[in-house]
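Notes follow the structure.
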Amino acid sequence: MESCNCIEPQWPADELLMKYQYISDFFIALAYFSIPLELIYFVKKSAVFPYRWVLVQFGAFIVLCGATHLINLWTFNMHSRTVAVVMTTAKVLTALVSCVTALMLVHIIPDLLSVKTRELFLKNKAAELDREMGLIRTQEETGRHVRMLTHEIRSTLDRHTILKTTLVELGRTLALEECALWMPTRTGLELQLSYTLRHQNPVGFTVPTQLPVINQVFSTNRAVKISPNSPVARLRPVAAKYMPGEVVAVRVPLLHLSNFQIYDWPELSTKRYALMVLMLPSDSARKWHVHELELVEVVADQVAVALSHAAILEESMRARDLLMEQNVALDLARREAETAVRARNDFLAVMNHEMGTPMHAIIAVSSLLQETELTPEQRLMVETILKSSNLLATLINDVLDLSRLEDGSLQLDIGTFNLHALFKEVLNLIKPIASVKKLFITLSLASDLPEYAVGDEKRLMQTLLNVVGNAVKFSKDGSISLSAFVAKSESLRDSRVPDFFPVPSDNHFYLRVQVKDSGSGINPQDIPKLFTKFAQGQSLATKNSDGSGLGLAICKRFVNLMEGHIWIESEGLGKGATAIFVVKLGIPEPSNELKLSFVPKGPANHGQTNFLGLKVLVMDDNGVSRSVTKGLLVHLGCDVMTVSSGDECLRVITQEHQVVFMDICMPGVDGYEVAVRIHETFSKRHERPLIVALTGNTDRVTKEHCLRVGMDGVILKPVSVDKMRSVLSELLEHRVLFEA
Amino acid sequence: MDVVSQLQRQFLDFTTSLYREGFLDDQFVQLQKLQDESNPEFVIEVVSLFFEDSEKLLNNLSTALQQHIVDYKQVDALVHQFKGSSSSIGAQRVKNVCVSFRNYCEEKNVEGCFRCLQQVKHEYHLVKSRLDALFKLEQQILAAGGSVPMIA
């Protein structure tokens, strides 16, 4: 055979058919062999194809088919048996494989179909996700817009900027055609167009608040779609040619400052709202989307909050300004007050000095005068001057005390003192002045008043003197009664001083002192002024221009320091007045009473112990006088025997009698004679009792006579207790007494 | 105010008026000072004594002045007595009348003496009734459970 592959066919007419078959088979074989190659190539390229085994099968199937067709080429001519065998083998194999493949395909094709279904499903899902993504992106956009809007709105605290920014930003975000804000008027009955987006200067349209569409919007906190023809939405002249866009309105709550304790806004009924109206562009098919409405609602809320913050800020700025003004004013007032106080203190100091100097002069000179020779009346007068001047000097010092009292820097000098003696001292001091004015003064001390008390003696005396002094000063005639009690708890609560509630305790008691005078009285209206410094009632000023007006003010302060209360009652002018004060004093420890170094002023008080058991003889024919004198001496602790005649006297007198009091005015009995006889009876001086004459007149003749007969003393009747006491002590000390 | 305080106040007012009107003077105060626990009835005793004494004296004075020939010495002595006792208890007005009585005695002025006698009787009765009233008040206070305020 020739190696040439060109086939030289015998070309009979039916050999043309064979030629065509031959060529077709050749190409089929070629195609069949190339397909697997392609398949392999593509499978190699793609990694995802799941049915590799199927491909192999298919490949085998195709290869065998190709082989079959190829071998078929040799069967067109005479061919050997080998070729026939190969051909048969190939055909058999091909049949085998193709059947298997066909069977296989039955399984595969449903799978392949389902793959397709899944693919479709996934595609749908992908489309859905895309849509959702789009939505989320839009929402995020919205959120970003809201945040940005809020930021813009809240970045300013100026009301106008807030509102303007809101409209601008909303307009931009939502691509609105028009955006408007209607604010309620002062009365709340109308809404006024306050801000718009497009119009630079909105004309002052107003609509009444009670429109149904407005009520509808105000009744909910959601954004409400309203008709473009409603009065609030008609902001521009409506031209017929275009279709207005959808309009939405939402309420904006306006908070009053006082509403801040309320957290739930919609609950309130009496609220003011503003109305925000938003219009989509006309002639567009845009509709309000849900997320846009939500955006609008959120923005409305934020605007409300921002407005309220702005309002708070305004208010607090105003308050701060007010406070600053007040601070300045207060500061000024304080400085002025300080200046005034300093001025007053300077004045007081100067006055104190000016008043003090002459006072000291008076005291000094009076003391010197006291040292000279004086008649008893003169001495008494000088003593009174001295006492009064000392008192006055103290009072002057206390003018300064008053300012110290008001500063609160004054403290009481607490000590134990004799309360009874204090009252008597006051009485003694006032008596001379009172007797000059022919005023009668009585002192009455309650029997349960303790003799000793703990307190500030000096200031209590001062208060007492002041009050009694006032009583004397303002009485032209009549009487003054001074009484002191221990205040009991029922009487402590006086209806006239309802805010004074003293509470007595175990070691304190309340002393109540009343000074009642029958003088000029006080007008009840003037009573409150009495305790004010430097203030005097009208009538007082005309009568007594020498009162400084400080007295009662000082007293009040002292009394207050003593945890007490002082007040004055008067029924009116001409009806007298009663000054009453209650102070708290301490009860001294019983053991302290004996340790007292305080010696009460006045006549020397040697106490009753000196005279205890002193044997005394009293000779008086007048029964009344006799009992009085006896009572006096008994009170002083003496052992008294009485006789009514000279003879009786001489009969009973013994050495044991230390003193004999005899009335020398007895008719028919010569007291002098008795004295002489006594001298004769007791020759030794130390055995003889002391003889004292009691007489109604102490002229020089009588005195000389008494001296001559050897009497040791003469006393003027009537004798007071104190006088008797001093007489006895003088007698016993000096063994002679001649009353000057 | 309870009863005791009221009575006490009354007592004080009354006493004050007695002094103010000159019925009593400081001597009476002295007398009251002599009254204490050991001698609780001193004042009443002395005053009763005075009343007794005074009745007698007044009777004697009337008798003496009604004599045809008045014994001025005796009258003087009686008045002196009266003066002494009245001044001892502090009956001021009585004492003052006694003083002028004595002057008339010295002058031996019968009419003056008579007048003074009437006056002294009058004054005596006045002071007696007042002292009686005072003591009655004291009793009332003591009966009500209170204590008699002391006058100094």
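Keep in mind that glycine also has a Cβ here, set from the backbone N, Cα and C atoms.
Database features, via TrEMBL:
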TRANSMEM  A:20-41  transmembrane segment
TRANSMEM  A:53-72  transmembrane segment
BINDING   A:C65, A:H69  Cu cation binding site
TRANSMEM  A:92-113  transmembrane segment
DOMAIN    A:350-589  domain 'Histidine kinase'
BINDING   A:N470, A:A471, A:V472, A:K473, A:D517, A:K533, A:S548, A:L552  ADP binding site
MOD_RES   A:D663  4-aspartylphosphate
- Tertiary contacts of the transmembrane segment (A:53-72), defined by C-beta under 8 angstroms and 6+ residue spacing from its ends, are 25-26, 28-33, 35-36, 39-40, 43, 83, 86-87, 90-91, 93-94, 97-98, 100-101, 104, 108
- Once DSSP output is merged into helix, strand and coil, A:D517 (ADP binding site) belongs to strand
- Query: At the Cα level, what's the spacing in Å between A:L552 (ADP binding site) and A:D663 (4-aspartylphosphate), rounded?
  - Reply: 50
- Message: Measuring Cα to Cα, how far is A:D663 (4-aspartylphosphate) from A:K473 (ADP binding site) in Å?
- Response: 42
- Message: Considering every residue in the domain 'Histidine kinase' (A:350-589), what is the mean pLDDT value?
- Response: 78
- Item | Sparsest Cβ surroundings (other CB atoms within 10 Å) among the recorded positions A:D517, A:D663 | A:D663
- Express the distance between the Cα positions of A:H69 (Cu cation binding site) and A:A471 (ADP binding site) as a whole number of Å. 161
- Pop the Cα-Cα gap between A:N470 (ADP binding site) and A:C65 (Cu cation binding site) into the table, whole Å please. 154
- The answer, for which of the binding-site residues A:C65, A:A471, A:V472, A:L552 has its Cβ ringed by the most other Cβ atoms inside 10 Å, is A:A471
- A:K473 (ADP binding site) falls, by DSSP collapsed to helix, strand or coil, into helix
- Message: Can you tell me how many other Cβ atoms are located within 10 Å of the Cβ belonging to A:H69 (Cu cation binding site)?
- Response: 21
- What DSSP gives for the residue listed as '4-aspartylphosphate', in three states, is strand
- Message: With every protein chain in view, what's the tally of Cβ atoms within 10 Å of the Cβ of A:K473 (ADP binding site), excluding that atom itself?
- Response: 19
- Tally every other Cβ atom lying within 10 Å of the Cβ atom of A:N470 (ADP binding site). 23
